[in-house]
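Below is one structure, written out as structure tokens, with a few remarks after it.
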Amino acid sequence: MDVENGEGQVQVHLKTKQEHYAVPDVPYAIDGTVTTVELNTFVNALLRQKDGSSDTDFDFLVFDEYLRGRLCDHLREKAISFEDAIEIEYVERFPAPEPQDCLLHDDWVSAVKASGKWILSGCYDNTLNLWTNKGKHILTISGHTAPIKAVDWISLDEETGRFVSTSQDQTAMLWQWNVGSNSVECVSVCKGHERGVDSVSVSPDGLRFATGSWDTMLKVWSAEVEDAVEGSSKRMKESGVRTPKITLQGHRESVSAVQWMDASTLLTGSWDHTLKVWDLSLEGIKTEISTNKSIFDASYSKLNRLILTASADKNLRLYDPRTNQGSVVRNTYLGHNAWVQTVMWSTTEEFLFVSGAYDNQNKLWDCRSPKAPLYDLLGHGEKVLDIDWSNPKYIVSGGVDNTVRVFKSRKALADDAETK
């Protein structure tokens, strides 16, 4: 029998970390041609024999990568001996996110961020908008004089929401929203960049935020409401103008992505084909990762400590900033058909992330499945410009079709099931 060509059988052990789905730990002989369909049938038959449980959809990992075709092809690609007993891990399949809402705007939606019950969006008509996560429009906010490029929440409770926005008008603006009266005021205008401000991220403690700009600079600012601007004139203080606490130079082109990795470390991505990790205590570069494409967006996961990039091609790439071979791509994710504009790790699911691209599509991925996404999240009619999964219950995205699309994730679907 030629097992490598799919003929004959392979010895496997079936393992799971979800104990209630465990099957007897004995070797099983299965055909080399099996796919996830046949493996699902087999595992569910074993579970029915064990406790009569109903069928569950599983995904299967072979040597830390999702099985996406025939087992024999997967083993051959990984150069795994067909004579050895193969360990196959199975996990309950992550359910498909469900479309919930389409939030209509007057112009391109270039920035979106969810927190609690609220969604904050930024548009090319220079306005910000506040929505409930159920799709009700709450407030339109004017102040910027050019298109919005990025937004982030600073803090949020039942009475007050604070957030920051950045714009092509070269400023960042700090806002305070009174939830009860539904009124908002601009607390500070942050001036210091010499070109449009493309990216923003608030520190974990909410006391600072960082911005990246087309002027190639990374700047760190105070996010505190009562902050006095040291060295500023009385007129600047009274007018609410704020200047940066730290300015860091190192990139050669636009700083298109910025994110706090911890209280004193920042990640940036740039059109100059590099990722940089900055140590704020030293005010310098800690690590630099060279890539071969302009970086449109980057996302760091506090759960797995890995970095994803969205670039000027169709691919997403995974990097490990902790290794000496930081510039070596750990994995490449294939699935989009145009430039990938935006990417974000899940904040609660270690292996999951979402992306949005110029092919009008969002995708939900597992980082162990490089050949294909878990799901396509369809709805946008034009390019996707930003995607957010800050609220574990909702995946939200904005695009050139003037909409924010809201998708319910597993946690929201579970809540819905409990209330029925």
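Note that Cβ sites are derived from N, Cα and C of the backbone, with glycine treated the same way.
Among the features that Swiss-Prot reports, region 'Ubiquitin-like (UBL) domain' is placed at 10-92, with the record citing sequence analysis. Sorting each residue of the region 'Ubiquitin-like (UBL) domain' (10-92) by its DSSP state yields 26 helix, 24 strand, 33 coil.
Regional average pLDDT for the repeat 'WD 1' (104-142) in the model is 98. Here Swiss-Prot flags 104-142 as repeat 'WD 1'.
If you look up Swiss-Prot, you'll see 143-185 marked as repeat 'WD 2'. Counting residue by residue with DSSP, the repeat 'WD 2' (143-185) contains 0 helix, 28 strand, 15 coil.
Tertiary neighbourhood of the repeat 'WD 3' (192-231): same-chain residues 146, 149-155, 162, 164-172, 174, 176, 237, 241-260, 262-263, 266, 268, 270, 272, 278, 280, selected by CB-CB distance under 8 Å and a gap of 6+ residues from either end. The annotation repeat 'WD 3' is assigned in Swiss-Prot to 192-231.
Taken from Swiss-Prot, the feature repeat 'WD 4' applies to 250-288.
Note on the repeat 'WD 5' (290-329): DSSP counts are 0 helix, 16 strand, 24 coil. Here Swiss-Prot flags 290-329 as repeat 'WD 5'.
The feature repeat 'WD 6' is assigned by Swiss-Prot to 335-375.
The repeat 'WD 7' annotation in Swiss-Prot covers 379-417. According to DSSP, the secondary structure content of the repeat 'WD 7' (379-417) in residues is 8 helix, 17 strand, 14 coil.
For the repeat 'WD 7' (379-417), the partner stretch with the most Cβ pairs below 8 Å, chosen from 104-142, 143-185, 250-288, 290-329, is 104-142. The stretch from 104-142, 143-185, 250-288, 290-329 with the most CB pairs below 8 A to the repeat 'WD 6' (335-375) is 290-329. Residues 198-205, 210-214, 216-218, 220, 294-300, 302, 307, 309, 319, 321, 326 of the same chain, all 6+ positions outside the repeat 'WD 4' (250-288), place their C-beta atoms under 8 angstroms from a C-beta of that stretch.
Packing against the repeat 'WD 1' (104-142) from elsewhere in the chain are residues 148-153, 156, 161, 163, 165, 167, 169, 175, 177, 182, 184, 385-388, 390-391, 393-394, 396-400, 402-404, 406: each is 6 or more residues past its ends and has a CB under 8 Å from a CB in it.
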